[in-house]
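Structure record follows, encoded as structure tokens.
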Amino acid sequence: MEALRIYLWSLCLSLCLIIYGANSDPLEDKRALLEFLTIMQPTRSLNWNETSQVCNIWTGVTCNQDGSRIIAVRLPGVGLNGQIPPNTISRLSALRVLSLRSNLISGEFPKDFVELKDLAFLYLQDNNLSGPLPLDFSVWKNLTSVNLSNNGFNGTIPSSLSRLKRIQSLNLANNTLSGDIPDLSVLSSLQHIDLSNNYDLAGPIPDWLRRFPFSSYTGIDIIPPGGNYTLVTPPPPSEQTHQKPSKARFLGLSETVFLLIVIAVSIVVITALAFVLTVCYVRRKLRRGDGVISDNKLQKKGGMSPEKFVSRMEDVNNRLSFFEGCNYSFDLEDLLRASAEVLGKGTFGTTYKAVLEDATSVAVKRLKDVAAGKRDFEQQMEIIGGIKHENVVELKAYYYSKDEKLMVYDYFSRGSVASLLHGNRGENRIPLDWETRMKIAIGAAKGIARIHKENNGKLVHGNIKSSNIFLNSESNGCVSDLGLTAVMSPLAPPISRQAGYRAPEVTDTRKSSQLSDVYSFGVVLLELLTGKSPIHTTAGDEIIHLVRWVHSVVREEWTAEVFDIELLRYTNIEEEMVEMLQIAMSCVVKAADQRPKMSDLVRLIENVGNRRTSIEPEPELKPKSENGASETSTPSEI
């Protein structure tokens, strides 16, 4: 009895500690940042105060998983002014990322930064820092990326940089550094270096530096073999070794007459060219509206220049609008500089994976054919961004200008349900097991049900499909791309994949309803059960509509033929699959008023999952051999 009492007391104490830890702040780190903020006085307002929680609310601050320490501070372009006060930032001993770029910070490199032993990413570019660089960089053994460009640092480049075994990017451009360039050839991980426009750097250009682009060391004094200093400048256009005779003399004209003719012809050509460009521009405006750069100008990988991601910024005050509680702190310029990879092109635009300078990955959706004005667009974004639910992909920020509309989300590395179900059906494919498919179904149902409660129970997703459902770290389904039909131009009659998801009563995408969402969700359930796309073709090029096909197979009482062949290796799931099929079929009935509500579907699917028994894959049987061993039979696919 005494032992039981001690056990219960220990359990209560542990629970109290867990609850306290979940709601506690990294108090010492918090005090350090508040002191820093008080002295630096940023011109841009930050939501930092003593009463708010650091890890969940403070802009530009990221904590570790248990919320006990701050590991990243990102405050680019917030108007920080003056010298970094000692014993503030340096007290964040668990800090890994520090970005204070594009501010008005002055003074020398803070000596007490040596306390930041875990620092991996350091961005202090575009400030007014001066004085020598730290003598011993080896105290930051985890440094991966350093950018100190566009400051006033002087003195020599420390040779201790050669001991940064993990360094991948080093930018010291546009300072007043002097002396020889140290030997950094041992840095095998170094992928980018920029020492350009440090005009007092001297000595021969090392061989290891020549493997980098010429722009990495322009504007540096070098010593050629003759011993005289020469300024490294970009190579000029191809020069001719001898002077050619004047063209005027070939024509028998005086150079004055020839010059007048050239000027007259040039004026005519320029006038004609301007007329042609004006006509083309007007035609393009009539054909495309406001005119956004075409998608084929966007690279699938590589840096996104302003010309390739955002065509232009007409209003310099336009900037990314972040939602409260978002701990990201980057700006449009960061996105423009980020490396980008096209993840997919959907109904409402193209989605990119953008990797920022501190290795943070975000998903950026570039919308097309937005019909709403700025005010209506922003109101809809506020509704979408206000939804906080574990099964809804959270909108972190958005951007609106005349030519560009962007939405920023967290990046889900596991990809979409569509890619997991239909991508890579070859030998190396890792099939989705039944338990994961159930978690996807339950998660997506909860997410959509939460969406339907928003805006006084009137919000509609409008574009539910497997490519808009993602897997989180626990393999639960998370719904993305919600609420966009309200701001988009009406789509043409559906074709291809989109036709397979759209409810029969929907003729105008702007008039989608919650019951049409239910229909689309039912199609996703059928995808999970059959492994087939909503619109697919047979080997004979026959186009198959998934909903119609399932109806016909079930009507002929060949229900077993419906299910994905990859699910047949699991035992004890037949009853669950049949129940899920019945739920899916109730969602895709033609009469909208006969479909269940999403809240009811959550309960029905959870009931199926709660009755789950032990599910184990059956051992695979080898094909029948000559001695009579049996082989498994599988239903033929359409």
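Yeah, the Cβs are placed from backbone N, Cα and C, and that goes for glycine too.
These come from Swiss-Prot:
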type	residues	note
BINDING	Leu343, Gly344, Lys345, Gly346, Thr347, Phe348, Gly349, Thr350, Thr351, Lys365	ATP binding site
COMPBIAS	627-638	compositional bias 'Polar residues'
MOD_RES	Ser339	phosphoserine
MOD_RES	Thr360	phosphothreonine
MOD_RES	Ser416	phosphoserine
MOD_RES	Ser419	phosphoserine
MOD_RES	Thr436	phosphothreonine
MOD_RES	Thr509	phosphothreonine
MOD_RES	Ser513	phosphoserine
REPEAT	118-139	repeat 'LRR 2'
REPEAT	189-198	repeat 'LRR 5'
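Features recorded in Swiss-Prot, as mapped to the structure shown.
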residue	record	Cβ contacts under 8 Å, 6 or more apart
Leu343	ATP binding site	Thr351, Tyr352, Lys353, Ala363
Gly349	ATP binding site	Lys365, Arg366, Leu367, Lys368
Thr360	phosphothreonine	Tyr328, Phe330
Ser416	phosphoserine	Gly344, Ser466, Ser467, Asn468, Ile469, Phe470, Leu471
Ser419	phosphoserine	Ser467
Thr436	phosphothreonine	Leu471, Ser475
Ser513	phosphoserine	Val460, Val506, Ala592
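Mean model confidence of the repeat 'LRR 5' (189-198) amounts to 89 (pLDDT, 0 to 100 scale). Under 8 Å from some Cβ of the repeat 'LRR 5' (189-198) lie the Cβ atoms of residues 149, 157, 165-178, 181, 209, 212, 215-220, all in the same chain and six or more residues away from its ends. Separating the Cα atoms of Ser339 (phosphoserine) and Lys345 (ATP binding site) is a whole-number distance of 18 Å. Counting residues of the repeat 'LRR 5' (189-198) by DSSP class, helix then strand then coil, yields 0 helix, 3 strand, 7 coil. For Ser339 (phosphoserine), the number of other Cβ atoms no farther than 10 Å from its own Cβ, over all displayed protein chains, is 16. Cβ contacts within 10 Å of Thr509 (phosphothreonine), excluding its own Cβ and spanning all protein chains shown: 22.
Reported as a whole number, the C-alpha separation between Lys345 (ATP binding site) and Thr509 (phosphothreonine) equals 18 Å. Other Cβ atoms within 10 Å of the Cβ of Thr347 (ATP binding site) number 21 in total over all chains. Residues Leu343, Gly344, Lys345, Gly346, Thr347, Phe348, Gly349, Thr350, Thr351, Lys365 are recorded as binding ATP; their most distant pair of Cα atoms lies 14 Å apart.
With respect to their backbone Cα atoms, Thr347 (ATP binding site) and Thr509 (phosphothreonine) stand 11 Å from each other. Between the candidate binding-site residues, Lys345, Thr351, the densest Cβ environment within 10 Å is the one around Thr351.
Within 8 A of the CB centroid of the ATP site residues Leu343, Gly344, Lys345, Gly346, Thr347, Phe348, Gly349, Thr350, Thr351, Lys365, the other residues of that chain are Arg366, Asp481.
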